[in-house]
């Protein structure tokens, strides 16, 4: 019913991407992700045992329609990120990487300088790079020039559930981006996700809002519906808004009368 | 340096300030979105006792949002009970006539096998303070030995120089726990009359040395029972606030060790009951949403089962507090008696039944 999304040659029918942290159990996470319809699921390298094939988390993500997106959460520098990405590629057999460099462990604010350095290097090494960044329009263009496959600006601080506090900047990013824009971090309600999609974001990534909901499976279904509704509205073309009332029978209509 | 800030405060003034807090101060602290140290003082004050229920609810919500339905699990490995210090409250104290033991490489690997079989990937290395026997060289060798086996290695050993930390971090040392024991400078000396540990200043400056060396994670805390816990906790929070701003790339954790019985023991000067410990845990969470809060097997089973919802984010389980206690030398003397004797599997089961995912691995050496 809505247009599919293509990133680096891979087509997704769902524009809802999901994370795997904070769930009460791996089985519950699996159930929620299946209810979300998500086809791209990010997984923290620090949580999986790269040496062990029978890793519990990975076992629950083993579905043909789900593509894994390993992330580098925990690294503090470009050098560490490149090393981690190379190990992830080898261990998980994917060249897709969600590049996260947040040297600040409190608010997990992404480091723009190190991220640009790492993205440049990883693209050269053949990775499909999806960087998590602040909603910085100039940085997005710099990353696009470096060859990333998408940009992932934050809506508000990660895990905050505060919604699109960076909306003004997301607007600019969406308007001028030549690569898909995935709003990552801060989306706490299906209405936030729907708004991002109505604004023209290509996808959203949600984790905390699902994982800590009273009923994660039901919430995943709600997000699925919210994302679909927002995208459909965007494609349908939202009616313009106006600060003033526009009367259906304008006061000057008599001038046009014969 | 924290010393410069610390010197601006007087213990008695801080204590008087905490005990003079009113219900209105507590309500204001609960109302504030971003809480100050003064708010923290209100929340740990006696005036906050009637507000335990709303504090617990807020603490639970904030913890859930930040950490999710998960609980980190770690286990201590006691490497040595050799110690050149006299600490009035510790079983390893120099004047305590016990059989001394330091694990060899073979024994460390024996312990490792048992710990790994329990499912652990995070280990906390613990020693007394014996620089000749258990110093930098011993730690270097131990880290090299253990790094292939664990994703995350922490240490709770004697404070060291910055250069020593800088040597150990690239070898796989991820976190260091260094408790001040008490911030009461005069009484600190009474509890530590002999040995290197008697230098209050050197211990106080340890987190600064760790921060400059670039440690990933640092654990702070006081030994509850030595002095007035409210005043000591205020200074801990002051220390935490300073460190977070200065060494902003480091993660922090707080622990709440209450004095436990041990061989040749000291009676706690100050008793902290369970309600007060809950109040303190909640106060930390309301003050700081990101700090990790840890509870050990010093606490009783039923208390631990209930506390997981109130702000705690990491816990130990199946612990032995004697060197070789898991396999190599089960009979050597323990540092303190543990209260929760349940196995790691039993704790994991309890967590699952409570709606929490036990997290055995949350770091990887590949991440730096």
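Each residue's number is its place along the chain shown, starting with 1.
Including glycine, each Cβ sits where the backbone N, Cα and C put it.
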Out of A:159, A:226, A:230, which one does TrEMBL list together with A:185, A:186, A:207, A:208 for 1-deoxy-D-xylulose 5-phosphate? A:159
Which chain-mates of residue A:207 (1-deoxy-D-xylulose 5-phosphate binding site) that are at least 6 residues away have a CB under 8 A from its CB, listed by sequence? A:18, A:19, A:20, A:21, A:22, A:42, A:159
Cβ within 8 angstroms of the Cβ centroid of A:159, A:185, A:186, A:207, A:208: which residues besides those meet this for the 1-deoxy-D-xylulose 5-phosphate site? A:19, A:157, A:158, A:160, A:161, A:184, A:187, A:188, A:206, A:209
Cα distance (Å, whole number) from residue A:98 (active site, schiff-base intermediate with DXP) to residue A:208 (1-deoxy-D-xylulose 5-phosphate binding site): 17
Listed in sequence order, residues with CB under 8 A of residue A:98 (active site, schiff-base intermediate with DXP) and six or more positions away: A:42, A:69, A:70, A:71, A:72, A:130, A:131, A:132, A:152
Which same-chain residues, if any, lie at least 6 apart from residue A:185 (1-deoxy-D-xylulose 5-phosphate binding site) yet have Cβ under 8 Å of it: A:132, A:154, A:155, A:156, A:157, A:158, A:159, A:160, A:205
For residue A:186 (1-deoxy-D-xylulose 5-phosphate binding site), the nonlocal same-chain Cβ neighbours (under 8 Å, six or more residues apart) come out as A:154, A:155, A:156, A:157, A:158, A:159, A:160, A:161, A:162, A:163, A:164, A:165, A:166, A:192
Which of the recorded positions A:98, A:159, A:185, A:207, A:208 have a Cβ less than 8 Å from any Cβ in chain B? A:159, A:208
Over all shown protein chains, what is the count of other CB atoms within 10 A of the CB belonging to residue A:159 (1-deoxy-D-xylulose 5-phosphate binding site)? 24
